[in-house]
Amino acid sequence: MKKQRVVVKIGSSSLTDAKGALCHEKLFDHVESIAYMKQLGHEVILITSGAVAAGFGPLGYPSRPTTTAGKQAAAAVGQGLLMQGYISAFKQFGITTGQILLTREDFYSRERFHNLFSTITTLLACGVLPIINENDSVSVEELTFGDNDMLSALVSGFLHADALIILTDINGLYDDNPKTNPKAKKYAFLPNITDEMIEAAGGSGSAVGTGGMKSKLLAAQKALSFGVSVFVGTGAGKEKLCDILEGKGDGTYIGAPFHGHMQMRKQWIAYHAPVAGKIEIDEGAETALLQRGKSLLPAGVTAVYGNFSAMDVVEVVNRKGAVIGRGQVYYSASDLEQIKGLSSNEARKYSINHRPEVIHRDNWVSLRKESVVK
């Protein structure tokens with residue numbers, strides 16, 4: 001089998017017992033399968049939930065806390081217990097682990113985004129298994145990923161993974177809830193994830209986790225946009241992950257095996273960078289950006305909104321107000337206001353910035369579903 005870079009996400013329900021406590025037998029089963037993958041030469045990055053589930057028992061809670069403070073306190077206690085379990089288990093296979101705790105803010109800064117990539121790839125080059133979790137004990141609501149499903153999708157994207165494997169307590173995606181409808185149909189393969197499927201999906205699937213099927217669909221949709229194929233399902237035994245890579249997994253395969261990765265710079269522009277303003281463009285510029293792969297020139301700009309600086313990321317909308325993409329601008333809002341609608345030669349007379357483009361095509365990402373820009 002071809003050596004692959006694989007992101008494996010393990011949910012809380014796949015790590016805990018019926019009471020919600022950390023189950024070391026389940027944890028070891030996952031560890032054994034990851035160790036087997038590494039022995040075969042694959043690169044593995046582990047995204048793990050379970051900190052809150054591991055910590056609420058020692059804190060004296062009878063079940064998973066519902067308040068933010070309770071969850072964060074449980075995560076503070078549970079993260080150490082969770083890592084202790086992983087370190088002890090992986091040590092039996094001679095595997096060194098490295099812990100990385102992230103918040104949404106780590107993805108906003110382009111410098112931190114690149115530093116994160118460098119750290120993880122260095123760990124992989126040294127044979128270390130990166131174990132990643134959201135830093136639940138310090139995250140505030142507006143800086144969270146929502147669940148580790150989305151975190152796993154974002155990590156698989158910027159690491160240019162070959163596959164994202166999301167392990168859960170349900171063996172794949174269904175057209176209805178299989179726990180309440182025994183006639184629910186399981187999908188063995190889905191070419192893509194539609195908005196209608198996401199709207200029809202329910203909420204959290206268990207009392208010990210935050211990620212139900214809806215979050216997994218959203219994560220799969222995001223991973224596919226990065227060029228990463230996805231598997232959602234379950235399994236047991238040391239060969240379960242390799243079986244999944246070979247197409248023999250008990251779950252749902254989503255997307256083609258490989259259809260090209262989105263560049264890391266464009267991932268940051270499209271999904272992570274703060275949006276500093278908005279530019280409206282005419283029909284000709286819209287066609288040039290979406291269909292001809294051209295850069296945005298001053299002549300195509302019809303309106304400027306916000307107070308952004310040069311090299312900020314802005315949204316680009318058409319004359320109907322629909323967002324068609326995002327890009328990194330070479331002009332500040334005030335400079336662009338002076339040169340909008342002008343030819344490139346005329347624009348040079350009014351600005352000290354002699355760049356002909358407002359947004360170069362290398363710093364542009366289309367967000368229109370019918371147009372894919374790599």
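Every residue gets a Cβ built from N, Cα and C, even glycine.
Swiss-Prot lists K9, T168, D169, T210, G211, G212, M213, K214, S215, K216 with the feature ATP binding site. What Swiss-Prot lists as substrate binding site is S49, D136, N148. As annotated by Swiss-Prot, domain 'PUA' applies to 276-351.
The two recorded residues, K9 (ATP binding site) and N148 (substrate binding site), have Cα atoms 8 Å apart.
You'll find the Cα of M213 (ATP binding site) roughly 13 Å from the Cα of N148 (substrate binding site). Taking only the Cα positions, the spacing between D136 (substrate binding site) and S215 (ATP binding site) is 17 angstrom. Helix, strand and coil counts under DSSP for the domain 'PUA' (276-351) come to 25 helix, 24 strand, 27 coil. K9 (ATP binding site) counts 30 other C-beta atoms within 10 Å of its own C-beta, drawing on all protein chains shown.
In the three-state DSSP scheme, D136 (substrate binding site) is classed as coil. Looking at S49 (substrate binding site) and S215 (ATP binding site), their Cα atoms lie 14 Å from each other. Sorted by the number of other CB atoms within 10 A, the binding-site residues S49, N148, S215 start with S215, the lowest.
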